[in-house]
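Pulled from Swiss-Prot:
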{"type": "BINDING", "residues": "G77, G78, R99, N193", "note": "substrate binding site"}
{"type": "SITE", "residues": "K42", "note": "site 'Transition state stabilizer'"}
{"type": "SITE", "residues": "K252", "note": "site 'Transition state stabilizer'"}
Amino acid sequence: MNPLCSEFTSSSRKAPEAAIGQVLIEALPYIRKFEGKTFVIKYGGSAMKDELLKNSFAQNVTLLRKVGINVVLVHGGGDAITRTAEKLGLVSQFVHGKRVTDNDMITVVQMTLAGKVNQDIVRLLSEHGGKAVGVTGLDADTIKAVPGPNAEKLGLVGDVESINTDYIDLLCRAGLIPVIAPVGYDHNGNIYNINADDAASSIAIALKAEKLIYVSDVEGIQVGERILKTICKAEAADFIEQGIISGGMIPKVLSAFKTLDGGVRKIHLIDGKFTHSLLLEIFTHEGIGTQFIAEQDNDQQENR
């Protein structure tokens, strides 16, 4: 063997091995800290479409469960619903980003979210060693709904009235990963399409979760050229007033702080377009996205 080649190969292996070791050491206190805690993860965006990202996400979720964290997954599926509707000759319409849902469309929503999308996620987690169970908001009154405030325009789009935390806790105690499709029904048996972000927030509050994590297509809250590592409520209000946070990011930020007000300790916004972004956000000091905290606190700022 060429000595020069041998030396080059050996040295090139040391750097990544050291880096992996450092990440594992850095993760250890977080693993201890979060054992037995509950994380609610809203799964959406590119991480649901790209095969590499899907597998990376499934590996991350499975690892969280294996180290003793209770993971509750709430998923979207808007693109899949639109595709199914098109195949059936239905046109998708939206008002302020929410899908107009009539009787035909709610059937498509149920069929796509509870059937195809939900079961695909369960299968993917199972392939990576996770014990997942598919749940819809209709199962065991997991999500009880009420008509939304704009029912005359949106139709069967609902808001969350209550969450059956006993059922979700039962699944978590059994070592399972509940994968929840965001549909629910009211006291009259009417079925509603529920925004996945809103459902995840309500579930996190009801479960008194340690964290709510939004896996999306944005890197976090951007101010100028940088992504904020941490933002508190007062800072967010200032940024909104100054126009630094604007457009579609405003409702996301307001929803995050509403969830904090409901008792969830931290909210995280991370970019699902990066492989293993979930682990990098949770188990490293720097994180990869933006964490939302109720107020400035050095301990909360410095740790994920």
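If you go along the chain as it appears here, the first residue is 1 and each next one adds 1.
Heads up, the Cβ atoms here are built off N, Cα and C, so glycines get one too.
Of all Cβ atoms in the protein chains displayed, 21 besides its own lie within 10 Å of the Cβ of G78 (substrate binding site). If you count neighbouring Cβ atoms within 10 Å for each of the recorded sites K42, K252, the highest count belongs to K42.
In sequence order, R99, T101, M105, I106, V109, L156, V157, G158, P182, V183 make up the list of same-chain residues 6 or more apart from N193 (substrate binding site) whose Cβ falls under 8 Å from its Cβ. Of the recorded residues, K252 (site 'Transition state stabilizer') and K42 (site 'Transition state stabilizer') place their C-alpha atoms 13 Å from one another. K42 (site 'Transition state stabilizer') falls within a strand when secondary structure is assigned with DSSP.
Secondary structure at K252 (site 'Transition state stabilizer'), taken from DSSP and collapsed to helix, strand or coil, is helix. The local packing around G77 (substrate binding site), expressed as other Cβ atoms within 10 Å of its Cβ over all shown chains, amounts to 24. The DSSP secondary structure for G77 (substrate binding site) is coil. Over all protein chains present, the Cβ of R99 (substrate binding site) has 22 other Cβ atoms lying within 10 Å.
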